[in-house]
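Data first, discussion second: the structure below is written as structure tokens.
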Amino acid sequence: MKTNKLVLIRHGESKWNKLNQFTGWTDVNLSNQGIKEAKLAGKLLKKNNFLFDVCYTSVLKRAIYTLWSILTELEQCWLPIKKTWRLNERHYGDLQGLNKESIISKYGADQVTQWRRSFTAIPPKIQKDKNYSICHDQRYHNLYKDNMPTAESLELTLKRLLPYWEDHIFPDIKKKKRVLVVAHGNSLRALVKYLSNLNNQEVFNLHIPTGVPIIYNFNNNKFSIKYSFLKNE
Ligand SMILES: O=C(O)[C@H](O)COP(=O)(O)O
């Protein structure tokens, strides 16, 4: 039986990645380097003969633009793209917009590492007035105000992502569709934890680089626990 492959990819470097700022749900653009990474990811997938049937991404433009670039390189711009807030980056709460180094000076490296890498630590909640604009953003109209995240741990990110995985993405894979998911550092860490059954320490150490495809094999109705990064030889 032919192996079906699932490809996950983190968006290319964003302008705030470059500035070392917490981003979360802030909708920032790709940096010039990120635009290059997105194109290169598409070229690499093409070189390795990847084609897809359906694509999933978040409602944040750094992921959407990365996906568009990849599909342009693959000459598959016509593919269906399904967008959901459930694939968004983890909501970084009140840290959003702040420089990572300055937050280390304020709270200490250990606390900041917990917020960034542990499974359960929840960053400080975003203040009500700062969250006001996203509560009224049209793209979140189906997310009732009370369900709007104010800060998410990796655990909470996984919890909001999983229903979408179960109801939409996984059924497509079971139907033998070739699925491409373009998302974010932490929404993908959460998904990889789930698919590869990583423990909290393993996910603590997991870093997902920008613009590097992650490949999972799907056989006999289940995923191989192991994944690989697709890289240029
Ligand atoms: O939202 C962010 O700041 C980045 O996309 C990822 O953050 P991290 O490097 O702390 O995981």
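Using N, Cα and C of the backbone, Cβ positions are placed for all residues, glycine too.
Because TrEMBL annotations are produced automatically, they should be read as predictions rather than curated entries.
These figures come from a predicted structure and were not determined experimentally.
In sequence order, LEU30, GLY34, ALA38, LEU60, ARG62, ALA63, TYR65, THR66, VAL182, ALA183, HIS184, THR210, GLY211 constitute the residues six or more apart from HIS11 (active site, tele-phosphohistidine intermediate) in its chain with CB-CB distances below 8 Å. The active site, tele-phosphohistidine intermediate annotation in TrEMBL covers HIS11.
Shown in sequence order, THR23, GLY24, TRP25, SER58, LEU60, ALA183, HIS184, GLY185, ASN186, SER187 are the residues of the chain, 6+ apart in sequence, with a C-beta less than 8 angstroms from the C-beta of GLU89 (active site, proton donor/acceptor). Taken from TrEMBL, the feature active site, proton donor/acceptor covers GLU89.
The substrate binding site feature in TrEMBL is assigned to 10-17, 23-24, ARG62, 89-92, LYS100, 116-117, 185-186.
As annotated by TrEMBL, site 'Transition state stabilizer' applies to HIS184. Annotation note: HIS184 (site 'Transition state stabilizer') sits in a coil segment as assigned by DSSP.
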Where the C-beta lies under 6 angstroms from ligand 1, the matching recorded positions among HIS11, GLU13, GLY24, ARG90, LYS100: GLY24
All-chain count of other Cβ atoms within 10 Å of ARG10 (substrate binding site): 29
